[in-house]
């Protein structure tokens, strides 16, 4: 007789190999065909709402690994919240306006297209990019409203953005003024703080002499009768700002010295600088010197000095006063700072505080980085090309004390990677410290209070965002571009004042934009709205900062507080969002701009919590770089290993810091995935012939180890769900993997194989095991589904067509309409957990002893062994309570418990009996049945009798 055929060997259509790269696209297609996202929405309707608002990626170029991390994390959260009993929509979005797309249009079609053509081509280009990115995001297994995403260039979004601008204008936050702003010559526009990055750069550092212009005043300040000729010396790394110098700054409390230098410099023997910098500076200049008098900076306020190029050209025949400033330091230089108010924020504030008007500020640098032609000596030159010319002119004028090359971290445009400057321009600002119209807190005050009311994951994000808001300047809202939402103001041609009906006019423009897009503003004849007043006003040509685009999506998409704007997806979503989730750079980007617009419009943040993830680096911790050759593209991983492996990598990595990825790291992820898949395959194979409706054993009648397994599963599920609740995915993955490999694979399933395979197919012993396995399988699949979406769906379809095929409340379409599994509670759960925890510890000790004997050649498999356990007290009672089932727990052919004092003692003896050909146990009764001499008595009764007596394991 072929006894192998009498075993209940497992069988399942769920394959051992996932073949993920080949099979995943079919699942993506099936989810679309079956309208799975819509099915989730229908199943979730009426539940408490959870809103994760998608930070929009920019609609330009293929997605990179950072995009994949971001979208997978969002997908895990949305799926886990839906399965936890929430109504969690996912509406993906795209950021569509702005410079990068405008640059692409210029590259393709040239720089001199009419604005209407630029806008039309930019809109078409953005749609092409969105289609490419959407395909890649869907390939990652991300479910969402892909057919109806929000786009910042949707007409309704553009219109509501204009309404949002009107809202903050009415509340008193918006003003126009001249201020130094971050300016990129390549963009030809102001930049937001978030668009500035820093890179090392070498610049000339110069020490420049400003000759004395008020010697009597200087003598009096130092308590001297008179002074000889001389100069005050400044240090700067921006020689190009010297032509625009209008003041000098000293610290009121620092001590300044008059030094008689030898040999005498060109402007005279006396030099003025900070006392603490005298020795270092004289050494650098190759001079000897003697301090003849000192005075505090406060005594020097208002003194005047000639421009260092006054002798070179009459255009520089002016003097610069000393203004006092606490920001002057002694870290480098001379303790005296030269001030060109058009090109530095502190310089600007200082000069304005001392009465300099906007019209008085010298601003010779044009938007393209060249000096105005009217500038003496350097007109028409690029400021970078002018640096050496200015240094030569200073030298010729006798005003150059020293020049060195300095490598330092300097501001660059994040798009062009070129250096930028501060440049005073007339811009529209949102004031951080202006009192709003209602007299309430300033924007800075309300934003800082909002940060305190927001939850942060990880917690350090709070301090980071707080510091940024506390120290940031006013927000430059305006940009000088074509592809952007217009600041649709009518400005008086003579006074520069806004039209008195601006609020009403903005709404009228918004209504037109709602129908025809921002192009409606471009084509609008002012007479249509202003009538006879049109000749007095001009259309403002500025566009809104793209960070205002994305920063107002909480209003334009979610609808704003109390659905004030009735956003594009306000019916599905809600305000404020429960969560914003982006990379750590968004503390100065989307988190930041959204906070400011939320506080301006509604007095509070548009989110309840912020989650930040780190950047992706290679296995050595290096930034991804094409030049280094360490870039890992998500498309390539999906096409080779499968998107499931990327999802598992994301979930199993601590995203609060940098996320490391490499081929070697992905190999380890693949190994972890295989172990999980093998566990699932075993579970599915062993419930394939089980029917949940007609064959389930009541929970109170389950074998003891089966009840323990369900208790163990419930504990694991509670831990994983707690991790999900806190967005801690890597410990959740670790717990799931440990459960599969140790709790199931190395313990419960290992013990269960004998009962599943050898007892009668319909016996209580086997059905008890299958009842527990089915609950475990359902719980496990649902817990894995948010992360291993493809695999969980594949396994669920197998389960739904086998063990669950007759269960009415089970989804046949998708696992994602399910909620987390309700595991049965047991009154003795704590006692079960404690008992079996000790039994597992004893089992581990027995396994170590068995391995020693196996290594020594005494036995082959553990079933060849017989075990004698010597124990007293609780251990003896524990072991004895299992009766003959103890041998199945230990996976040996005999296990006998003996009363003994002291610690547990284990003795292993190779069995002297024959091996049963069916169950492989070595038993005394093998051959006792004449009709079946090859098998043991237990197998005989399982095959031909009432079945073995057994109720523990």
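Yeah, the Cβs are placed from backbone N, Cα and C, and that goes for glycine too.
Under the heading L-isoleucyl-5'-AMP binding site, Swiss-Prot lists 582, citing sequence analysis as support. Listed in sequence order, 55, 70, 589, 590, 591, 611, 612, 613 are the same-chain residues at least 6 apart in sequence whose CB falls under 8 Å from the CB of residue 582 (L-isoleucyl-5'-AMP binding site).
What Swiss-Prot records for 626 is ATP binding site, and it gives sequence analysis as the kind of evidence. Mapped onto three states, the DSSP output places residue 626 (ATP binding site) in coil.
The Zn(2+) binding site annotation in Swiss-Prot covers 916, 919, 936, 939, and the record cites sequence analysis as its basis. Secondary structure from DSSP puts residue 919 (Zn(2+) binding site) in coil. A C-beta separation below 8 Å, combined with a sequence spacing of at least six in one chain, links residue 919 (Zn(2+) binding site) to 754, 757, 758, 935, 936, 938, 939.
Sorting each residue of the motif ''HIGH' region' (57-67) by its DSSP state yields 3 helix, 1 strand, 7 coil. The motif ''HIGH' region' annotation in Swiss-Prot covers 57-67.
Summarising the annotation, Swiss-Prot assigns motif ''KMSKS' region' to 623-627.
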For the motif ''HIGH' region' (57-67), sequence-distant contacts whose Cβ falls under 8 Å of one of its Cβ atoms, 6 or more beyond its ends: 94-96, 98, 100-101, 104, 126-127, 129-130, 132-133, 136-137, 151, 583, 615-616, 624, 631-635, 661
8 Å Cβ shell about 916, 919, 936, 939 centroid, Zn(2+) site members excluded: 758, 917, 918, 920, 921, 923, 926, 935, 937, 938, 940
Surrounding CB atoms that lie within 10 Å of the CB of residue 626 (ATP binding site), all protein chains: 7
Pairwise CA distance, residue 626 (ATP binding site) versus residue 916 (Zn(2+) binding site), rounded so that it is a whole Å: 63
Around the Cβ of residue 939 (Zn(2+) binding site), the count of other Cβ atoms that are within 10 Å: 26
Which listed residue (916, 936) has most other Cβ within 10 Å, given these are binding-site residues: 936
Residue 582 (L-isoleucyl-5'-AMP binding site) in three-state DSSP notation: strand
